[in-house]
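Over in Swiss-Prot, the protein carries these features:
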- 7-27: transmembrane segment (TRANSMEM)
- 65-85: transmembrane segment (TRANSMEM)
- 136-156: transmembrane segment (TRANSMEM)
- 175-195: transmembrane segment (TRANSMEM)
- 264-284: transmembrane segment (TRANSMEM)
- 292-312: transmembrane segment (TRANSMEM)
- 390-410: transmembrane segment (TRANSMEM)
- 427-447: transmembrane segment (TRANSMEM)
- 494-514: transmembrane segment (TRANSMEM)
- 534-554: transmembrane segment (TRANSMEM)
């Protein structure tokens, strides 16, 4: 893409800010069960019919425990259905390539992966998943997992806003309205844009052809060109910050991401809902300035990390100098139509959000550039983050910032008129510690096992980074990978599945517990010690985020990508 990096980045942020207001306002209406949207004339009858068929009383609200149980049951049923579809796809329709059943341990890993919004892929979609399984076993969880995250965020926002109430909403009403009024219309719109750029949408059998370079060779072997309903799945893959590709090359494949314009639209789609949720939060608590302050904190962090990734990658490979190569640019693992900036830009966007879609190979980045996507995920997927999970993730850090600020000035911590007590802090720390323990603990377990070291594609610090990246990606529900790691073995598939499951649901429960606790509190007029807007808020929140991430991950990063960077400088590679 020939556009100046500065212009493209500026346009991206400007569009994100402009779209924040209408989409955030729409979210506010969607997450209010009495809210009226522009889609009511078409979708209201369908919504009411769904309530009737499912025997849902929309007027009844739930405690945080009931809300959590509802979300968990909804997701567990989804995991089971996806698993069965993947195992039985050989006898199900829409399978022109006669693809057989997926192996049990891979199906287990995949079902959990898509239900938890991770979309880690330990399989080759073109060879191992039928059209039916793609649409019903994988695309449907793309919607349900996104709706789950948004519903959990809405429950936390209600907990902050409400006073002396024991309920945080109705999970079934939230899930239905999020699907009908938000995800489906947006997905249709993005799918049409992608179709206009050349993304396929069909049910044809794969096309056999002989590439030009093979016609003159003795091989003369036909190659199969995949087909399928790609555009429809691509849209929700991005909007729902899911990330699982219809094709193995993901958004590097021209069928999923054919042009620079489609690339820009895909990146914008990833951040669209997480960004708008900050405006929804500001509307809900009647403090738009506070919502914008959170958005600015996210944006500043995003700019710093994106530019760092680009600068590190643009510096090139120092090993080229010893080979007499003048052009040191590292184009390995990158598409020529995107180049270094758009590859670095996409990598930063997809790892700051819990998306995991890729348009380049992160494993081929220079050590410090590859460290940025890893560090992004280690922050906790809260710089815009996943749909829903980004908002409740950063609100955890707001609560911790409030607590630390209150301790420093000797005042009882308070946030938007609510007291932040020991219970809220314990739940917030529990949600964060679960992630850190899983990432570092499971990485250590894999690196100290024979099956773990046997899966390494590279030795030395790069091999350590591959394993650390895998468990960070799965625990934080991102799904991107350092491709040098062979994670298809039974131990890896099962352990990564456990990481995804615990990293999603064992974080969700403390979030909803905080929502229930805050909703039950009175609002104290004087309980606003911590500023909810301005540069002090942005600085304290940003510092808290980076401080906690640095304390937890810096030791691992020093013996991984940082060590590899210095060793490459000395002429050693892995």
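Cβ atoms are placed via backbone N, Cα and C, with glycine included.
Given the structure is predicted, the values throughout are model-derived calculations rather than measurements.
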Task: Region pair the transmembrane segment (292-312) / the transmembrane segment (534-554), three or more CB pairs under 8 Å - done: yes
- [ ] Spell out yes or no: are there three or more C-beta pairs under 8 angstroms between the transmembrane segment (65-85) and the transmembrane segment (494-514), with each pair 6 or more apart in sequence?
- [x] yes
Task: Stretch with greatest number of CB pairs under 8 Å, the transmembrane segment (264-284) reference, 136-156, 390-410, 427-447, 494-514, 534-554 candidates - done: 390-410
Open item on the list: Quick check for me: are there 3+ Cβ pairs below 8 Å between the transmembrane segment (390-410) and the transmembrane segment (175-195), leaving out pairs under 6 residues apart?
Closed with: no
Task: Whether the transmembrane segment (136-156) meets the transmembrane segment (494-514): three or more C-beta pairs under 8 angstroms - done: yes
Task: Cβ-based contact of the transmembrane segment (494-514) with the transmembrane segment (534-554), 3 or more pairs under 8 Å - done: no
